[in-house]
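To start, the structure itself, in structure tokens.
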């Protein structure tokens, strides 16, 4: 049984910590800062960091990799098409890799960056570590990829089982939900989610992980085929957007300035 906890980093990052209590081994996802992981390891001296999983090359996701590799000798896994510090295993789309006894399938999900990958573990309750591609009620900015690429990546993730747990790496949920409400003010599920997320943050609790089912009902970037979302995108752009990709592009540009 793998336990998954969040180690907060910087202002709003989460480093996901996977723990196998039987073997006393652990793994981390996107350690942008080594210090939270080092502190956890110091408080758990009988545990060993065996693996470091990286989704993309941005500093707030890889800044702690080299130090943790030097400290622990952990294996570093990351996208083949990006420059990842101390990488031992370069991963391509469709490959499978075992971490703490869990087999993860690698998805290439370009958009936020061109080489971005996600780690998917199919199970009774599937797990998805998706970096800055799919957020709770949102998606990552397009620093390198195109709207069409990101739309395709998100559609791929949206097609995963509805109960897939979504582990993204930023606490952006409330700001994303505010934008989502601007897109779909009459979405009752969205209003309910906003109220629940507000209660969680008022108690300084995290809003993650999410689930694919929740994203499908409340994330505007996964709802670009819905009439309500298309209508708002058409109003925003002043023209008829004929494809889901065009609707997505309008929403993403709007969110960038929201």
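Our numbering is plain: 1 for the first residue shown, then up by one each step along the chain.
Positions of Cβ are set from backbone N, Cα and C atoms, glycine also.
Keep in mind it's a predicted model, so treat the numbers as computed, not measured.
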Please identify which of 108, 112 is recorded by Swiss-Prot as part of the Zn(2+) 1 site containing 56, 58, 132.
112
Would you identify the secondary structure of residue 61 (Zn(2+) 2 binding site) according to DSSP, in three states?
helix
Cβ neighbour count within 10 Å of residue 112 (Zn(2+) 1 binding site):
26
Using the Cβ centroid of 60, 61, 132, 170 as the reference point for the Zn(2+) 2 site, which residues of the same chain not in that list have Cβ within 8 Å?
13, 30, 32, 56, 58, 131, 169
Counting only residues 6+ apart in the same chain, whose Cβ is under 8 Å from the Cβ of residue 56 (Zn(2+) 1 binding site)?
79, 82, 112, 113, 115, 116, 117, 131, 132
Please state whether DSSP places residue 56 (Zn(2+) 1 binding site) in a helix, a strand or coil.
coil
Whole-number Å value for how far residue 170 (Zn(2+) 2 binding site) lies from residue 58 (Zn(2+) 1 binding site) (Cα to Cα):
13
